[in-house]
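*Asks:* My questions will all concern the structure given below.
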Amino acid sequence: MSTKLIVGNWKLNGGLSANQALLDGLRDGLGAVRCRAAVCVPHPYLAQVQLLLAGSPIVLGAQDVSAHTAGAYTGEVSASMLRDFGVRYCIVGHSERRQYHGESDELVALKAKQALAHGITPIVCVGESLAQREAGQTEAVVKRQLAAVIHENGHCISEIVVAYEPIWAVGTGITASPEQAQQVHAVLRAQIKAATAHAERVAILYGGSMNAANASDLLAQPDVDGGLIGGAALKAADFLTILRAASR
Ligand SMILES: O=C(CO)COP(=O)(O)O
């Protein structure tokens with residue numbers, strides 16, 4: 001995976017005018033950016049951001065998708081609806097959804113399946129809690145989470161993106177060291193290689209307090225193919241610095 005991929009996860013942030021200001025700020029600084037880039041926005045803003053990104057190298061993403069195709073599932077948003085708005089990437093299994101919405105490995109795998117069936121690249125998030133890391137369970141946890149997705153989507157597993165997001169690093173300002181990230185990424189890479197002959201197509205992103213100051217060192221690791229960025233994706237200058245670091 002040579003061209004790095006940087007994805008902004010806006011989470012529950014934004015508004016019509018704030019989105020416009022952020023994207024205006026990004027557009028002005030994109031000249032030197034050669035990596036792949038996406039922003040995953042709250043569902044109500046898909047139409048707005050689709051229009052604002054027209055002609056931009058940044059592509060549109062969503063933060064969640066239903067495991068169902070259609071029907072009596074109040075509040076859900078389907079992959080075909082996302083597709084209607086030009087969505088190219090969809091985060092599935094973010095730790096905040098696993099934690100606050102009780103999403104299981106199996107549900108995450110079905111969400112990835114829906115995305116793939118509609119031509120949307122699922123960004124499958126995996127990651128351990130601090131307690132799991134301290135108990136030496138990191139490798140087992142991330143492998144179990146990814147195994148469920150491979151089990152359900154084996155035939156097209158080379159079409160996914162994986163994001164390693166240690167829960168203790170998400171939104172905490174504590175980042176995994178480049179060595180810690182590389183160690184887990186190598187484990188995930190080996191697992192993907194065992195599942196597909198096209199493992200080189202699968203980008204493995206790091207997420208968890210990646211910012212303008214630490215992005216270069218993380219992205220320099222051989223198995224870190226990009227980043228999934230929360231807080232620093234909400235400030236145009238910071239996100240642009242990360243995009244430039246990924247373009248070197
Ligand atoms: O959860 C994340 C991206 O999905 C990371 O969030 P922060 O960059 O704010 O730690």
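Including glycine, each Cβ sits where the backbone N, Cα and C put it.
Keep in mind that this is a model prediction, so the values were computed, not measured.
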*Asks:* For the substrate site that TrEMBL lists with Asn9, Trp10, Lys11, Gly171, Gly230, Gly231, give the additional residue from the candidates Ser56, Ser66, Ser129, Ser209.
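*Replies:* Candidate listed by TrEMBL for the same site: Ser209.
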*Asks:* Between the Cα atoms of His94 (active site, electrophile) and Gly231 (substrate binding site), find the distance and write it as a whole number of Å.
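*Replies:* With distance taken Cα to Cα, Gly231 (substrate binding site) is 15 Å from His94 (active site, electrophile).
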*Asks:* Cα distance, Glu165 (active site, proton acceptor) to Gly231 (substrate binding site), nearest Å?
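*Replies:* Rounded to the nearest whole number, the Cα-Cα distance is 14 Å.
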*Asks:* Within 10 Å of the Cβ of His94 (active site, electrophile), how many other Cβ atoms can you find? Include all protein chains, please.
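*Replies:* Summing over all protein chains shown, His94 (active site, electrophile) has 27 other Cβ atoms within 10 Å.
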